[in-house]
Amino acid sequence: MLVRYVVAFLLGLLWSVLVVDASLGDADPHYRSCVTQCQENGCVGQKCFPNCKFSSDGVLIDRPWYIQWKKWDCQSDCRYYCMLEREKEKELHSLGPVKYHGKWPFKRIYGMQEPGSVAFSALNLAMHFHGWISFFILLYYKLPLKYGKKPYYEYSGLWHIYALLSLNSWFWSAVFHSRDVDLTEKLDYSSAVVLLGYSLILAILRGFNVKDEATRVMVSAPLIAFVVTHVMYINFYTLDYGWNMMVCVIMGVIQLVIWAVWAGVSCHPSRWKVWLVVFSGGLAMLLEIYDFPPYQGLLDAHALWHATTIPLTYIWWSFVRDDAEFRTSNLVKKAK
């Protein structure tokens, strides 16, 4: 959806991608000492971990492949449980939570690192699926069709691609928040960049009412080439967070301006929905600016921002359906 990546890359990525090993929590000597001892004996207090089994000569025993993939290794478990122990101690002294290795102290649920963001990402995925299916039913079962059962709406194919890319992006968002490792990070960022780049193409084509196929190719080709090059760069050369954020901010701002101007000059009956999505998404930025620690270790500002995009996704697909009806009605009248 428009706001998902306009807002996310303006401020959301600033929160999520600049993760460093220099937070207050992991600089705490008590936390460091706990992690060091845990990695030596495999225990935090009375809790010991099967992933920290050592051979007789002191070498860490290899873990099963599925544990390696999820990174439920000795270090991860030691860091997690030492973090919980340290936060309990601080709570007794009325001290607030701090970040560890760039992240707030979340509580795992079924192995998920950020359960709130995972749940809301999944709900966004479901909302996009619902929007796409309802759009499909409207096009092919409720609106008039041309000869060969093709829809009159000139942008139907573009929105189908948009739906698929949105589903892919929200899927990897849920996976990434579930388990933050190098692979899931790159898949999430790459999917987001691809969707954002395609959304820019879609905004240009719809905003400027580009219908000619040759012109569409001329407009899309350089943007597609740039996005593909950028994705290859962050995956196979270096994941430069600053550069990636700059690229996404520029693409996001451009498409935001295009949709805002289009809604301002258009006589479209549902242009108010575009304005609603744009301005509501802007207000949702406040959740990213006010980065508070997770409530009960589950819901933080970023998770709540994901929650706000759920109704906005519904409104956005409602606009897409209205646009299909509006354009189809005009084209049918012209055909008569």
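Using N, Cα and C of the backbone, Cβ positions are placed for all residues, glycine too.
According to TrEMBL, the feature signal peptide maps to 1-22.
Residues annotated as transmembrane segment in TrEMBL: 118-141 (among others). Long-range Cβ contacts of the transmembrane segment (118-141) within its own chain (Cβ-Cβ under 8 Å, at least 6 residues beyond either end) map to 1, 4, 112, 149, 151, 153, 156, 159-160, 163, 166-167, 170-171, 173-174, 177-178, 303, 306-307, 309-310, 313-314, 316-318, 320-321, 324-325.
Feature annotation from TrEMBL assigns transmembrane segment to 153-175 (among others). For the transmembrane segment (153-175), the list of distant contacts is 1, 4, 117-118, 121-122, 124-125, 128-129, 131-132, 135-136, 139, 143, 184, 187-188, 191-192, 194-195, 198-199, 202, 205-206, 211, 320, 323-324, 327-328, 331: same-chain residues at least six beyond its ends, Cβ to Cβ under 8 Å.
Using a Cβ-Cβ cut-off under 8 Å and counting only residues 6 or more beyond its ends in the same chain, the transmembrane segment (187-205) has close neighbours at 2, 4-5, 8-9, 17, 155, 158-159, 161-162, 165-166, 168-169, 171-173, 175-176, 216, 219-220, 223-224, 226-227, 230-231, 234-235, 239, 244, 247-248, 251-252, 254-255, 258-259. Taken from TrEMBL, the feature transmembrane segment applies to 187-205 (among others).
What TrEMBL records for 217-237 (among others) is transmembrane segment.
The feature transmembrane segment is assigned by TrEMBL to 243-265 (among others).
Here TrEMBL flags 272-290 (among others) as transmembrane segment.
Summarising the annotation, TrEMBL assigns transmembrane segment to 302-320 (among others).
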